[in-house]
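Per Swiss-Prot, these features apply:
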- GLU239: active site (ACT_SITE)
- ALA173, TRP174, ARG203: NAD(+) binding site (BINDING)
- 164-297: domain 'TIR' (DOMAIN)
Amino acid sequence: MSANDRAIETLRREIAKLQTDGAAIARKDAGIRAKLASAMAAQAKAKTAPALRLKQAEASRLEKELMATSKSQADIATKIAKKQSSLSAKLVVQANEAKKADAKAKKNQERVSKTQEEATRKLEAGYRKLTLENQSLEQRLQRELSAMKPTAGPTTNADLTSAPPHDIFISHAWEDKADFVEALAHTLRAAGAEVWYDDFSLRPGDSLRRSIDKGLGSSRFGIVVLSTHFFKKEWPQKELDGLFQLESSGRSRILPIWHKVSKDEVASFSPTMADKLAFNTSTKSVDEIVADLMAIIRD
């Protein structure tokens, strides 16, 4: 509460008290006037000189009391008028302060609204930029996939149809074989999955590119073991490009496994892969991952 507001409350209390005091004096004044009228009437009826002098003295005393009450009423009226004037001035100040406070609150609200609108515009601009970047990335990926050509002769439809069907193709970097991929491949095969894995599927004299193309084309699912080693290799990335192309045509489905990498690292390599539901070797064992994969394969 401001000093002006406190002064207003004080003035209102003082005015109310003066009005109460004034009402009491007014009642006293009325009583004196009634007694004075009675004393005057008694003078007219007095039959002896002593009785007359007694009533005259009483009337004189009442007239003096009446003058005192009249003066008190006048003083109270003057005080009330002064305090009413002060109260009016304080109320004007209060109204001006309220007006200023409203203007300040409105200005603050406008500033907050402007800040929120600016933040919304920035978010929308960022979203549009991200959308354009994703579109550009997808277009570039399609161009690169279209530009890919076999280095060891074309892979024909006959090659693909003659290849035995596989449940899973494993794309990986060879550095990850020892600590994860080899155990994954053997556990999958032991669980009954048909696995295309280079150690299982390549024979001396086979064309590496043609064999991989056959494996890709004949597999229902493509496991991609994403690791720091994978990100640095050109050949696994070409396999991934081929899997993307097959997935876009509905012929295969990519199943990512994050091996000792974070989501930020995956997103830096491929935003599309970062958005896919993935298995993580940091949170699941080989047996647990294989159990989940077999559930997907058999679904």
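Each Cβ is built from the backbone N, Cα and C atoms, and glycine gets one as well.
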When pLDDT is averaged across the domain 'TIR' (164-297), the result is 80
CB contacts under 8 angstroms to TRP174 (NAD(+) binding site), restricted to the same chain and 6+ apart in sequence, sorted by sequence, are HIS229
